Structure formats: C-alpha cells, structure tokens
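Visitor: Attaching a single structure in structure tokens format; questions to follow.
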Amino acid sequence: MTAVDTRAERTYPAYSRPLWRRLLLSREASVIALLLIVWMYGYSNIPYFGDTLTLTYILVDMTTVLLIALPMTLVIVTGDIDLSVASVVGLSSAVLGLLVQHGVGMPVAALAALAVGVVCGLVNGFLVAHVGLPSLAVTIGTLALYRGIAVGLLGTTAVTDFPTSWTDQTARVIGSTGIPTFMIVFVLLAAGFVALLHFSPFGRGIYDIGLSTEAAEFSGVNVQRTKLILFVLTGTVSALAGIFYTLRFGSARGDNAEGLELQVIAAVLLGGVSIFGGRGKLPGVIAGVLLIGALSSALRLEGVTVNVINIIIGLLLVLSVLSTTLLAWVSDIAARRNRAKRPTQTPASVGSQ
Amino acid sequence: MTPTTDTHADEGTTLLVEPSALPARTRLIRSLLRSRELSVAIVLLLVIAAAALKSSDFVFSSDGWRDLLLTPSILLLLAAGQTVVIITRNVDLSVGAILGISAWLTGEVFTSHPGMPPLLAFAIGIAAGAGLGLVNGVVVAYGRVPAMVITLGTQYIFRGIVVTWAGSSLISASQMPDAFLDLGTRQILSIPVLFIVSIVIVAAVGYYLTTARSGRELYAVGSDPEAAVLYGLPVSRRVVTAFVLSGALAGLAGVVFAARYGTVNSGAGSGIEFQAVAAAVVGGVAISGGAGTVWGAAIGAGLLMTINSALPMVGISEFWQQALVGALIIAAIVLDRVLAARQARQLIEARDEA
C-alpha cells in the first residue's frame with residue numbers, strides 16, 4: 001500500500017503543468033493558432049482575402065462540412081465512425097426534390113427530408129449499438145445503400161424547381177458583415193453540441209466509451225443508448241445539411257455531395273480528434289474545418305489550383321496525425337536528457353521536500 | 001507451429017475441444033460446405049443464372065462471356081490487395097488513387113516510348129504502386145498512426161498528384177501500342193488474358209497467405225497485434241509488407257485499366273477503394289482483422305461487378321444497383337455476426353460439457 005502511495009506522490013507533481021501551459025500546448029490551441037496565422041497572413045498579403053464576400057464564400061462553402069462535423073466528432077470520440085453521412089445528404093436531397101416535384105409544400109418536404117435523416121441514423125445506430133457490428137463495416141454498407149436509394153429514386157434527373165424564397169435564404173448575409181444568415185443555425189447547433197459533449201454527463205459518457213467501452217459500461221454508462229443517439233444525431237444533422245446543400249445549388253440530385261464524408265472526417269481529425277476515440281474537442285474541430293476553408297480560399301486567390309490544394313490538405317492531415325508521434329519522440333528524448341541531468345529521486349528524498 | 005501444439009498436448013494440458021475424430025475428407029467437405037466463400041459463390045451463380053435465363057446472351061454470347069469475366073478483373077486485383085491489408089487490421093483507402101497514378105503513368109510511358117514492350121509497362125506500373133504502398137506502410141507501421149487516416153490523407157495526395165500531372169487531358173488508345181491494347185481484349189481458349197492474369201495473381205496471393213510463414217503471420221498480427229509483438233513477430237515489417245503488396249496490386253490494376261479501356265484520364269479509379277473494401281467484406285474478410293481469404297474477396301468482387309450488369313437483364317433499373325450492393329454488404333456482416341455468435345455458443349457448450 002505505502003509503496004504505491006509514495007510512487008503516486010512522486011510522479012504526479014513532476015508531470016503536472018500549469019493550466020495556461022496545458023491550454024496553450026493542447027492540440028486544439030495549435031489548430032486555432034494555425035487558423036489565425038492563415039487568416040492574418042491572408043488578410044494582410046492576399047488581395048481580396050479580407051473582403052466580406054470572401055468570408056461569405058468560405059462560410060457558405062464550408063457550411064455542410066461544419067454542420068456534419070459536429071455530430072461526427074461525437075461519434076469519432078466514442079471510437080466509432082459514420083461513413084454514410086454524404087449518402088444521407090444525397091438521400092435527403094433526393095426526397096426533398098421528389099416531394100417538391102409532386103407539389104408538396106417546402107416546409108413539409110423539408111420535415112420529411114429531416115425524418116429520412118432520423119431513419120437513416122436509426123438504422124446505422126441499431127446495427128452498431130444493438131446488433132454489435134463494427135461501425136466501419138456498417139456505414140460502408142449504408143454508404144452504398146442510402147446513396148443507391150437516392151440514385152434509384154431520381155436516376156440521373158435533377159429537380160430544380162425550388163421556390164426562390166427558399167433558395168435565396170442560403171445566400172443571405174447578416175447586414176454588411178458578410179456572415180451568412182444560416183450561420184445562426186450553425187452557431188445554435190454548435191452551442192448545443194458543445195454543451196452536450198463538454199458540459200453534460202452524457203458527454204462524459206461519450207469520452208468514457210471512447211477510452212474503454214467495457215469500463216464505461218461497468219461504470220454505469222448506457223453504451224447502447226448513447227451510440228444509438230449519436231448515430232441518430234449524425235443522420236439528422238446530415239439531412240439538415242442535405243436540405244441546405246440542395247437549396248444552395250437549387251438542385252436535388254441523387255449524387256449530391258458524393259465523397260463529402262472524407263472531407264468531414266479529414267476536418268475532424270485535423271481538429272485534433274483521435275480516431276481511436278476518447279480524445280478531441282469541438283472548438284478544435286470547428287477551427288479545423290475553418291482552417292481547411294480559409295487555406296483553400298487563400299490558396300485559390302493566390303492562383304493555386306484545386307488539385308494542389310488537395311495535396312496540401314492531404315499532407316496537413318498526415319502531418320497532423322503524425323505530430324502526436326513526433327511530439328512523443330521529442331518529449332521522450334527531452335525526458336531522457338532531464339533524467340540524465342538530475343540525480344535520481346528516491347521516495348525518501350521526495351518525502352523530505 | 002505444429003511442434004509447440006504437440007508438446008502442449010503431450011504435457012497433458014487439458015484441451016478445450018477434442019481433436020475431431022472424423023476422417024480428413026469428411027472434415028474437408030464439411031468445412032467447405034460451411035465456408036463463406038461457397039455461399040457467396042452460390043449467390044454469384046444464382047445472379048448469373050437469373051440474368052442468363054432472361055437473356056442467354058448474358059453468358060452464352062462471345063461478348064457477354066468476355067464481359068462477364070473482364071469486368072471484375074480490375075476489382076479482383078484491388079480486392080486481393082485490400083484483403084491482405086484488412087487481415088492485418090488496417091485498411092487502404094488510397095488504392096483508387098494509386099490505380100489512377102499507375103494508369104496515367106502507363107499512358108505517359110507509352111506516349112514517350114512508343115516502341116516499349118508491354119511487359120515493361122506492367123513492371124513499371126507494379127513498381128510505382130509498390131513504391132506508393134511503401135510510403136503508406138512505413139508511415140502506418142512506424143508512425144504508429146491509424147491506417148484509415150493515413151491512407152485517407154495519401155488518397156488526397158496521390159489523387160492530387162495525378163490530377164496536377166494530367167490536368168484535364170486524356171490519353172487515348174492511339175497513343176498506346178496495339179500489342180498492349182490487344183492484351184485488353186485478347187482471349188486464350190475464349191478466356192480473356194486479363195482475367196487469367198487476375199486469377200493467377202489472386203491464386204498467388206492466396207497461396208502466400210495460407211502457406212508462407214510471413215503470410216500466416218499477417219493473420220496473427222491482425223487477430224491480436226499486442227500478442228503478436230509479445231510473441232516476437234516483426235509486426236511493423238509485416239504491416240509494411242501488406243501495404244506494399246496492396247500498392248503493387250493497385251499499380252498492376254492501373255496498367256490493366258489502361259489496357260482494358262484504352263483511354264485514361266486523371267479520374268481513373270476514383271471511388272473504387274470503397275468497392276474494394278466492400279468486395280472484401282462481402283467475401284467474409286473481417287474488418288476487425290485476422291480472418292478471411294482472398295478467395296472470398298475475389299468472389300465478392302465478382303458478385304459486386306456482376307450484379308451491376310445483371311440488373312438490367314432481370315428488369316430492374318441499373319440505378320438500383322448501388323442500393324442492392326449496400327444491402328448485400330449489410331447482409332454479409334450480419335451473417336458474419338450470427339455465425340460468430342453461434343460458434344461462440346458452441347465453444348462454450350463444449351467447454352461446459354468437458
């Protein structure tokens with residue numbers, strides 16, 4: 001007993017850092033810092049980057065990714081993944097289009113599209129949480145299934161006769177700020193998700209599941225219900241993103257937003273969420289999405305082609321994941337050097353301090 | 001491996017399950033009947049039969065027969081590579097981009113050296129793919145980072161490279177030598193050459209996985225990485241091997257792509273990585289590693305591609321193909337789950353009786 005106690009006393013003071021250092025050295029802080037650097041560099045060096053119109057473009061461009069990244073973060077923190085999100089975007093878009101084409105009013109059609117998202121999420125959640133299948137395999141299946149239903153419903157046709165009173169909404173901005181009005185919806189949602197993940201027992205349970213499902217279950221977290229809720233949230237928000245996407249382009253197609261899932265996952269991982277689960281924060285993720293948006297916009301204004309931008313985003317993703325390993329090496333080397341410098345502490349010498 | 005189990009038995013360790021008393025042939029037939037490969041193969045045959053009943057041209061015309069075998073050839077190669085990677089509990093999402101690079105490279109090489117022998121093109125494509133796979137493997141194995149993230153990143157990078165390189169241009173059949181393009185359509189005993197190539201490769205990979213020591217170790221690495229490390233297996237090296245193999249096969253698939261279609265643009269093979277993973281999953285390769293065969297994945301690839309062309313024959317719009325594939329994947333993993341649960345129950349019963 002006593003041996004364990006002294007060891008705990010010995011190790012904890014040596015490794016704890018002051019709060020400001022922990023915050024500044026966190027993964028989220030480095031993403032936010034990188035975002036600020038890109039933004040400030042672009043603002044002072046790239047013509048047109050500072051324009052409100054550029055801000056509008058960046059935000060409108062990233063809205064779908066921003067929206068889906070919120071619930072996706074929660075899912076990845078539990079150690080699962082949802083690859084079907086882009087297909088849910090396509091399916092809700094197709095349902096919205098079909099209903100509008102058949103004369104259903106927009107509000108009802110939009111609600112139906114949202115309901116489709118709920119059902120898609122329920123199917124994913126049921127298969128993962130209650131049947132106990134790996135989420136990667138399940139959502140590769142539903143990726144094909146939902147996309148297939150969307151393409152099957154609409155074929156290669158596109159529905160474009162949406163009321164302009166609705167499509168115009170996606171282009172509206174708040175006063176002269178250049179911030180799209182729809183951002184209000186995002187901010188409200190983001191606040192809700194931050195509260196859910198970072199300030200609620202439910203969110204604590206999400207981290208517990210990510211760290212160890214067995215331990216979480218043992219300590220009273222309802223793992224099945226949590227996973228089900230998270231997949232339903234992902235489906236629902238993806239459907240909302242699908243409605244926005246459809247109205248923004250004024251076109252409902254079965255293949256809308258194909259490949260978007262990879263963008264969302266790339267942004268979430270760039271934002272510091274561990275794919276193994278248990279680690280990551282929403283502010284980092286939001287900064288990650290905006291970083292990708294600002295970087296692509298800045299590079300595009302500088303005349304860099306989209307392909308090179310994709311290479312850069314890929315490199316950024318690989319390096320950001322590798323950085324953990326690299327930092328671990330660095331701190332390992334530093335720790336070894338420290339140990340060599342300092343005389344080895346014995347439990348007795350710590351006790352006398 | 002066998003000596004260790006033998007000594008254990010000799011030492012009188014109580015075994016959980018008695019060795020089967022049934023003769024070898026009965027056991028072989030039983031395991032064959034229970035195998036996932038057989039059930040997927042039966043579904044594949046049913047699909048072909050249903051399509052052939054509606055229109056006998058689907059199988060019995062020379063074009064139908066050729067397409068039936070040629071269409072899955074490219075996916076067969078990718079699925080085999082993906083199987084090797086998934087067995088080690090990783091995944092390779094960059095194979096579509098590697099295929100794209102290799103296909104474009106083949107076109108470029110022929111454009112600058114028109115007289116080059118086709119075999120050399122195959123070698124170049126395979127080498128390029130293996131090199132890119134090596135990048136994936138080294139980063140995954142030594143960076144200690146999840147393969148899904150790395151290959152997602154390298155997918156962006158590799159695809160970006162080929163799009164930057166190719167731009168919006170196109171390499172057409174006229175820029176490639178006839179001898180090479182002939183390979184895309186030539187048949188031996190009415191069997192397309194490219195299909196034979198794919199089957200031989202799948203057989204070789206399957207033989208490697210089941211018999212070679214390093215092949216068996218891939219399964220060990222995938223079923224329990226920590227145990228594999230403790231046991232002293234060169235886990236990092238095996239993971240690199242798996243990625244190099246997957247990259248090389250994707251590179252080969254790129255050359256086959258160029259030979260088969262005659263035209264290459266920068267988008268060659270985009271999205272095919274999901275089909276490769278899907279083929280493996282349908283064919284019974286467990287996404288959690290350690291289980292599955294390239295045979296299963298190959299039959300799965302055949303099924304996915306054949307459904308595509310069979311649907312219009314049986315009167316279903318081809319637009320529904322993807323939905324059917326999705327339902328198939330889900331059915332396959334649910335089936336896996338049910339079988340695994342049944343086996344676990346049987347093992348527990350066997351233990352309780354013992």
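Each residue, glycine too, has its Cβ placed from N, Cα and C.
Copied straight from TrEMBL:
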TRANSMEM  B:38-56  transmembrane segment
TRANSMEM  B:68-87  transmembrane segment
TRANSMEM  B:93-112  transmembrane segment
TRANSMEM  B:119-144  transmembrane segment
TRANSMEM  B:156-176  transmembrane segment
TRANSMEM  B:188-209  transmembrane segment
TRANSMEM  B:239-262  transmembrane segment
TRANSMEM  B:274-307  transmembrane segment
TRANSMEM  B:319-339  transmembrane segment
Visitor: Top stretch among B:68-87, B:119-144, B:156-176, B:239-262, B:274-307 for CB pairs under 8 A with the transmembrane segment (B:38-56)?
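Guide: Checked against B:68-87, B:119-144, B:156-176, B:239-262, B:274-307; highest Cβ contact count belongs to B:274-307.
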Visitor: Can you see whether the transmembrane segment (B:188-209) and the transmembrane segment (B:93-112) are touching - at least 3 CB pairs under 8 angstroms, only pairs 6 or more apart in sequence?
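Guide: These two stretches do not touch.
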Visitor: Using Cβ atoms and a strict cutoff of less than 8 Å, what residues sit near the transmembrane segment (B:68-87) while being 6 or more residues removed from its termini?
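Guide: Here the qualifying positions are 48, 58-59, 95, 99, 147, 191-192, 194-195, 197-199, 201-202, 205-206, 209, 218-219, 222, 242-243, 245-250, 252-253, 256-257, 260, 272-273, 275-277, 279-280, 283, 285-287, 289-294, 296-298, 300-302, 304-306, 308-309.
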Visitor: Select the range from B:119-144, B:156-176, B:239-262, B:274-307 that forms the most Cβ-Cβ pairs under 8 Å with the transmembrane segment (B:319-339).
Guide: B:274-307
Visitor: Please give the sequence-distant neighbours of the transmembrane segment (B:93-112): residues at least 6 beyond its ends with Cβ less than 8 Å from one of its Cβ atoms.
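Guide: Same-chain contacts beyond the ends: 74, 78, 81-82, 121, 124-125, 128-129, 132-133, 136, 148, 151-152, 154-155, 157-159, 161-162, 165-166, 171, 175-177, 180, 246-247, 249-255, 257-258, 264, 266-273, 276-277.
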